[in-house]
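J.: Feature table excerpt (TrEMBL):
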TRANSMEM  36-59  transmembrane segment
TRANSMEM  66-83  transmembrane segment
TRANSMEM  89-108  transmembrane segment
TRANSMEM  120-141  transmembrane segment
TRANSMEM  153-172  transmembrane segment
TRANSMEM  179-197  transmembrane segment
TRANSMEM  217-236  transmembrane segment
TRANSMEM  300-323  transmembrane segment
TRANSMEM  329-350  transmembrane segment
TRANSMEM  362-381  transmembrane segment
TRANSMEM  387-407  transmembrane segment
Amino acid sequence: MQPVIKINQNLPFYQKLPLSLQHVFAMFGSTILVPMLFHIDPSLCLLCNGFGTLLYLFITRNRIPAYLGSSFAFIAPVMLVISKYGYSAALSGFWVSGIILIILAGVIQRYGVNWIEKILPSASIGAIVIVIGLELAPVAAKMANFLGPVYDKNTLIGFITLTATIIFSLFFRGFIRVIAILLGMFTGYIMAFLMGVVNFQDVYTTPWVKLPHWYSLHFNINAIGMIIPAVLVVFAEHIGHLYVTGNIVNDNLVKRPWMNLSLFSNGASTCVSALMGSTPNTTYGENIGVLAMTRVYSTYVIRLAAIIAILLSFCGKLSALIMSIPTSVIGGVSMLLFGVIAVSGIRMLVEKKADFNNTHNLTVAAVILVIGVSGVSLQIGTLQLKGMGLACLFAIIINLLINITGLGKK
């Protein structure tokens with residue numbers, strides 16, 4: 001088995017650089033997709049995500065190896081806000097959302113995390129983690145063009161990328177196995193270039209140094225009211241990610257002070273991003289998958305990845321070169337990463353010895369899995385809950401009813 005690089009363990013730069021690049025590439029596709037949907041400068045998001053990650057590591061005392069990227073939870077309400085009030089108004093909703101996360105961190109600091117265990121016990125969290133991975137699987141499959149209806153060069157590129165990553169992970173040892181994800185993406189990129197899929201036009205025309213475009217915040221109470229319900233999704237996602245990260249690094253991160261520090265950091269980074277004109281930040285499942293695959297948990301690696309993202313935000317040509325990576329390459333490697341996340345949830349259930357002879361655990365886990373992967377959605381005003389967010393909401397409601405009434409505990 002690949003040896004573990006511990007959280008506080010530093011590495012030589014020549015080893016740390018490719019490991020950090022894996023985190024940059026893992027988050028890159030999702031991070032730039034959100035600003036592209038909002039029609040804002042993706043470089044600004046790279047800058048704020050990198051700075052937000054450094055802030056996160058500082059506040060959490062370098063104890064949690066997490067990378068912050070652009071949150072998908074806000075896409076639906078923000079698109080509506082932008083159409084009605086503009087992006088500047090949406091920024092006010094982002095800022096208030098960050099404040100709410102900070103308040104939740106204060107609640108956890110004051111009352112602890114036992115109340116979280118009552119509304120989201122280990123059996124529920126394990127099922128939610130499984131949903132996090134499985135819910136993302138169709139996204140990866142679509143990016144790799146595995147879903148058709150027409151299979152073309154991109155399908156082959158995605159398949160080659162996935163296969164190469166698996167080969168580097170299974171049939172090589174030492175440092176090659178550690179950077180299997182990066183090597184798999186490099187293999188896919190070379191194949192895409194040979195097939196004529198890579199477009200270098202933007203690389204030629206973009207200047208070497210280019211400052212990200214900033215956006216000003218304008219407070220709009222209607223926009224705030226439309227956006228803040230999405231915080232529920234971010235909160236649930238954050239808990240799930242901390243559970244699975246703690247499971248991977250063999251440490252209990254869902255306790256004081258780590259849970260409240262993590263939430264506070266997420267909220268603070270989101271507030272800073274909003275003031276700079278960028279999107280809300282959240283912990284990323286893609287980077288958790290990299291942790292599980294490489295068994296490299298060093299926060300020094302995460303820190304260097306954040307610094308690289310900041311540098312990329314100012315380097316026009318290098319950013320353009322990375323943005324030239326075909327979606328099918330990112331999709332191919334994401335197929336494996338998201339699968340690893342789902343398996344981490346199964347591992348959590350096994351290690352926590354979840355008793356599914358217990359009606360409580362069986363019912364809640366069943367509801368989470370079915371709602372999470374079935375595509376069922378719930379519209380609450382401008383907020384659409386689906387997948388992991390909706391599954392988590394139902395889990396909280398059922399667990400609260402069971403704890404209040406005492407029914408279903410046996």
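From the backbone N, Cα and C atoms, a Cβ is placed for every residue, glycine too.
Describe each of these features in terms of where it is and what it packs against.
T.: Beyond the ends of the transmembrane segment (66-83), by six or more residues, the same chain brings 23, 27, 30-35, 37-39, 45, 49, 52-53, 56, 60, 89-90, 93-94, 97, 220, 223, 226-227, 229-230, 233-234, 237, 241, 245, 262, 266, 269, 278-284, 286-288, 302, 305-306, 382-384, 389 to within a C-beta distance below 8 angstroms of the stretch.
Long-range contacts of the transmembrane segment (89-108) within its own chain (CB-CB distance under 8 A, at least 6 residues past either end) are made by residues 38, 74, 77-78, 81-82, 116, 215-220, 222-224, 226-228, 230-231, 234-235, 238, 256, 259-264, 266-275, 277, 279-280.
Below 8 angstroms of C-beta separation, residues 143-146, 179-181, 183-185, 187-188, 191-192, 195-197, 293, 326-329, 331-333, 335-336 of the same chain, each at least six residues beyond the ends of the transmembrane segment (153-172), sit close to that stretch.
With a cut-off of 8 Å between Cβ atoms, the residues of this chain six or more beyond the transmembrane segment (300-323) that come close are 5, 9-11, 16-17, 19-21, 23-25, 28, 32, 42-44, 46-47, 49-51, 53-54, 57, 62, 65-67, 202-203, 206-212, 287.
Through the fold, the transmembrane segment (387-407) approaches residues 73, 118-121, 124, 127-128, 131-132, 135, 232-233, 236-237, 240, 360, 363-364, 367-369, 371-373, 375-378 of its own chain, all at least 6 residues removed from its boundaries and within a Cβ separation under 8 Å.
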J.: For the transmembrane segment (362-381) and the transmembrane segment (120-141), does the number of C-beta pairs under 8 Å, pairs 6 or more apart in sequence, reach 3 or more?
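T.: Answer yes: the transmembrane segment (362-381) meets the transmembrane segment (120-141) with 3 or more Cβ pairs below 8 Å.
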J.: I'm a bit unsure how to read this: which one of 36-59, 120-141, 329-350 has the highest number of Cβ pairs shorter than 8 Å with the transmembrane segment (179-197)?
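T.: If we count Cβ pairs closer than 8 Å to the transmembrane segment (179-197), 329-350 scores highest.
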J.: Restricting to the same chain and to residues at least six past its boundaries, which positions have a Cβ under 8 Å from a Cβ of the transmembrane segment (120-141)?
T.: 147, 236-237, 239-241, 243-244, 285, 331-332, 334-335, 337-346, 348-349, 352, 354-356, 361, 364-365, 368-369, 372-373, 387-388, 391-392, 395-396, 399
J.: Can you work out which residues elsewhere in the same chain, 6+ from the ends of the transmembrane segment (36-59), have a Cβ less than 8 Å from its Cβ atoms?
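T.: Same-chain residues near the transmembrane segment (36-59) but 6 or more away: 27, 66-70, 75, 78-79, 82, 87, 90, 210, 212-215, 261-262, 264-266, 268-270, 272-273, 276-279, 281, 299, 302-303, 305-310, 312-314, 319, 323.
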